Amino acid sequence: MTWRATVLTLFPEMFPGPLGVSLAGRALASGLWGLEARDIRDSATDRHRSVDDTPAGGGPGMVLRADVLAAAIDAVDAAADRPRLVMSPRGRPLTQARVAELAAGPGPLIVCGRFEGIDQRVIDARGLEEVSIGDYVLSGGEIAAMALIDACVRLLPGVMGKLESSTDESFSAGLLEYPQYTRPQTFEGRAIPEVLLSGDHGKVAAWRLGEAEALTKARRPDLWAARPAQTIRAKGESQKTPKNKTDG
């Protein structure tokens, strides 16, 4: 079964957007994954196609109605084991581990909120998993949904050129990725570290592991504190050859 993402949104014209180019776009055109963007307004029942109303208890903005959104969700032929997600800054942070789980499944149903948010009752009644891509607020969930989908698509079989491309990246073993270099050998007086040109695979692996650990300690102490030490060490010892990697 082809991995498929179904997006419920007020702006289906935003899709595929950036998902239609580069790795994700080529894979989409090749049938390695599928994408469906559905307009939430199609589930509205009044002549104005209303989808929102004022917040109960007062306050600014508008809230997406539970009845309309529930109808939109129910109109999707979703398998019982298909994840139902809603992009929300109050959700659990999206991690590479969760991305891998989603990529290994049938593909998610993703609800994109707008306005002041979504009526909590539909989140509870339809078992929506709230997911956040960071501690900031966007105008809607569409861009966040694209980020989640792109992260998943890269892990699907046949999408990446080399299996090692995804296993060496940031977060794959609890570390940020080590620095990458390519030609020219010297750029504005800055040379490629000699160890990367040595041909000694063991030294290259040790250097990369050391750089990844140093970057993680400095920039993401939370990741460093939670890292699986044995897994990281094994990863460093198993790395073989230098490589170049692009997503474009």
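Heads up, the Cβ atoms here are built off N, Cα and C, so glycines get one too.
The model shown is predicted, which means the values in this text are computed figures rather than measured ones.
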According to Swiss-Prot, which candidate in Gly113, Gly158, Gly161 joins Ile133, Gly134, Asp135, Tyr136, Val137, Leu138 at the S-adenosyl-L-methionine site: Gly113
Cβ-Cβ neighbours of Tyr136 (S-adenosyl-L-methionine binding site) (radius 10 Å): 7
Fewest Cβ neighbours within 10 Å, where candidates are the binding-site residues Gly113, Gly134: Gly134
Those residues of the chain, 6+ apart, with a Cβ under 8 Å from that of Leu138 (S-adenosyl-L-methionine binding site): Pro89, Ala144
